[in-house]
Amino acid sequence: MSENQVPEEIQESAATEAAKLGIGTDEWVAQHEERIARKKGIKGLPQLINESIPAWARWGVLLLISFAFGAFVDNQYLLRIGVNLGLFVMLSYGLNIVMGYAGLLDLGYVAFYGIGAYGYALMSSEQIGHHWSTWLTVLIIIIGTALLGYIVSLPSRRLFGDYLAIVTLFFGQVFVQLVLASDNITFPWAEDYVDITAGANGIPGIDPFSFFGHKFLNIRDYYWLLLVLVALLTIAISRVNRTRIGRAWRTIREDALAAESMGVMVNRLKTMAFVTGAAIAGLAGAIFAAMQTAVFVSGFDMPLMTMIYAAVILGGSGSLAGAVMGAIVMSVLPEVLRVTNYSEILFLAVLVLTLAAVGKSVKRFTINIVGIALIGFLVKILLGAASIKTTPTKEWVVGPVSRALSHWMYVPLDRVLWGNCAFVILIVLIAYFTTTTPRIKSILLPVIGYLGIFLWEVRLVTDVNTTRQLLIGAMLVVLMITRPQGFLGKARVEVL
Amino acid sequence: MSEKKPLLEISNIDTYYGAIHILQQVNLRVDEGELVCLLGGNACGKSTTLKTVLGMVKPKVGKIMFAGQDVTHQNTPARVKLGMAVVPENRRLFAPMTVLENLKIGAYVRGEAAEEDLERVYDLFPKLKERSSQLAGTLSGGEQQMVAVGRALMSHPRLILMDEPSMGLAPKLVEQSFEMIANLHSQGVSMLIVEQNANMALSVADRGYVLQTGRIVLEGEAKELAGHEELRRAYLGR
């Protein structure tokens, strides 16, 4: 050691040199404050607001609003939206346990909802001829779906990620096919075929819930029931999440092998997550069947599954408040968007938010907005000067927003043709946009923005069903870019 | 040295990954209160030995005794319950969970984490107390090492298994890491350390084993091994 001792003065000067260069400081630690500060921009706003309000206040306000809604709203349509929201929150909660906490990609989850609904339908309608008490039926459904969740978890718990997704996906499809095919079963000992599920025709005439002699004839009854259930579930799940079970679920999601080496019984906990999620979905299904008084198997297929997943991911998987938020967006928004005027406002809001997210600075954002406005006026003036015929304003204006836009937007006579053209050009431009240089990008952005609005006003705004899907899809894309972890999810950090 | 009691004893272990024979007739012993290091180069079966001890890999032949019980056919959680704890390679913290949650998971097999266990870890690593609500993934490498060791201590282990405590750490932190190991050892904690850094490991260990392509080729007192000519040539450089 002593023969290669460095003289002290050289060591010292090397040390100051190193300090200047930042050698010897841990960059990761040095940037700690900065990383926390990063949360403070527009993108971190939802989380910041969420964290600055204490949990009891957040949930209290939500409960108060829900209570007021149930007590004062008389509109049947609105109440039905409320009930749907309640069911959606239950489903999101269940999936949040399976996918958000335990990290199990269960694509057959919605089948448990369907099994709950069909289970209730079979035990409370003329289909088989049973009209059992609500208590008994609901109990059977909860236990039955939990048991089924257990059975599905047995082969599934040895599987990870994609493989689990495939197996559960099959489970979901098996349920659908089984229900479709079970209207015509011939047993070797019976002469005539047996109709169990009525296949694609669905089961009508299901009894409503009836507790203590009180029949749930009003939709409001279901609303109250769901409010109580969701409140209880919120308390229960957030409690469990803070115990060792909840922690263990999350360790499985992060690193199952490390979890096991800490003594976590990975398989047992996976099963527990499956069973809990399945039971919650089953109960929600029973409520749905009783409320709807009819069930159709098409309602428990992939479209609903994607909506539930979108709700959980949108809200931030692993967060209960996020699940509620995602459920609100995914169940209420499609209803709001049925009204063209609202969908128009939302479209413009999404566009502005996208520009804000892409532009990053206020200056860029302003340039983009002004650019779009200028293009609009330019097109209108140029084509107006050429006196090309336009569609009369009253034929396409749907509300105050488009009325305001009508002074700016040029709408050609053949709206279908030009709308389609704009659509094709828009896609080409967006594809080009993603690969080009920043300079061309900044020129392209206002053009894309204008074409987007053009397409919307000319073609899409009157086609409610298409626009609903498009808008929700666009919102998801924008959110995934700006907040990949969802509204209230925690940003992922990797161990280096 | 007659009061020595074997805490962990693995005898004639043969482990396979598929058709590949990894461990061949490995014998290893850790006594109560002893610090044993397992040395060896890349891909010689060090980590596999540790995984076999922990039960993540099942041996084809052989027997593993721990705390007076035959644990050969028990799964990992059962062995952890008996008193094994691991500080995994690269620490493997649960990154998006807080330091506190990471520590509490260490006590999983004992039920809810007790306050005094946490205090004990905080006494050992005061820095972790400051950072208890911080996400584990945002810690520096040295701090993560503290959490990993603290997490292992939370289960009141009788034996701590450490997989490459020097890996991925700056030289200064490696030194700190081994100081910490020596400190724990002086408090009577039994440890089995798997390490490539033979110099460091032998400086703190009581005894050592050297593994080469799945066989134990050398074993003995740490001081003896440190002076062993062949070992010096193979691992210690010079």
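Positions of Cβ are set from backbone N, Cα and C atoms, glycine also.
Just so you know, TrEMBL annotations are computer predictions that nobody has curated.
According to TrEMBL, the transmembrane segment annotation covers A:56-73 (among others).
Residues or ranges marked as transmembrane segment by TrEMBL: A:85-112 (among others).
Summarising the annotation, TrEMBL assigns transmembrane segment to A:132-152 (among others).
Residues or ranges marked as transmembrane segment in TrEMBL: A:159-180 (among others). If one looks beyond the transmembrane segment (A:159-180) by at least 6 residues along the same chain, the residues whose Cβ comes under 8 Å of a Cβ in the stretch are 104-111, 114-115, 118, 152, 197, 199-200, 256, 297, 300-302, 305.
The annotation transmembrane segment is assigned in TrEMBL to A:222-240 (among others).
Long-range Cβ contacts of the transmembrane segment (A:272-295) within its own chain (Cβ-Cβ under 8 Å, at least 6 residues beyond either end) map to 83, 87, 90-91, 93-95, 97-98, 101-102, 104, 106, 109-110, 112-121, 124, 134, 137-138, 141-146, 148-150, 152-153, 156-157, 202-209, 216, 219, 222, 225-226, 229, 233, 245, 249. Per TrEMBL, the feature transmembrane segment maps to A:272-295 (among others).
Long-range neighbours of the transmembrane segment (A:307-330) within the same chain, counting only residues 6 or more positions beyond its ends whose Cβ lies under 8 Å from a Cβ of the stretch, are 50, 58-59, 62, 85, 88-89, 91-93, 95-96, 99-101, 109-110, 234, 237-238, 241, 250, 253, 472, 475-476, 479, 485-490. Annotation comment: TrEMBL describes A:307-330 (among others) as transmembrane segment.
Per TrEMBL, the feature transmembrane segment maps to A:342-359 (among others).
Annotation comment: TrEMBL describes A:365-386 (among others) as transmembrane segment. Below 8 angstroms of C-beta separation, residues 352, 355-356, 358-359, 408-410, 442, 445-447, 449-450, 453 of the same chain, each at least six residues beyond the ends of the transmembrane segment (A:365-386), sit close to that stretch.
Taking Cβ pairs closer than 8 Å, the transmembrane segment (A:416-434) reaches residues 441, 444-445, 447-448, 451-452, 454-455, 458-460 in its own chain, all 6 or more past its ends. The feature transmembrane segment is assigned by TrEMBL to A:416-434 (among others).
The transmembrane segment annotation in TrEMBL covers A:440-458 (among others).
Residues 43, 46-47, 50, 310, 313-317, 319, 321-322, 325-326, 329-330, 333-334, 337, 343, 346-347, 350, 353-354, 357, 460 of the same chain lie 6 or more positions beyond the ends of the transmembrane segment (A:470-488) yet place their CB under 8 Å from a CB of it. Taken from TrEMBL, the feature transmembrane segment applies to A:470-488 (among others).
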- Could you pull out which residues elsewhere in the chain have a CB under 8 Å from any CB of the transmembrane segment (A:440-458), counting only those six or more residues past its ends? 344, 347-348, 351, 355, 358-359, 364, 367-368, 371-372, 374-376, 379, 396, 402, 405, 409-412, 415, 418-419, 422-423, 425-426, 429-430, 432-433, 467
- Apart from its near flanks, which chain residues at least 6 from the ends of the transmembrane segment (A:56-73) lie with a Cβ under 8 angstroms of it? 50, 79, 82, 220, 223-224, 227, 231, 234, 321, 324
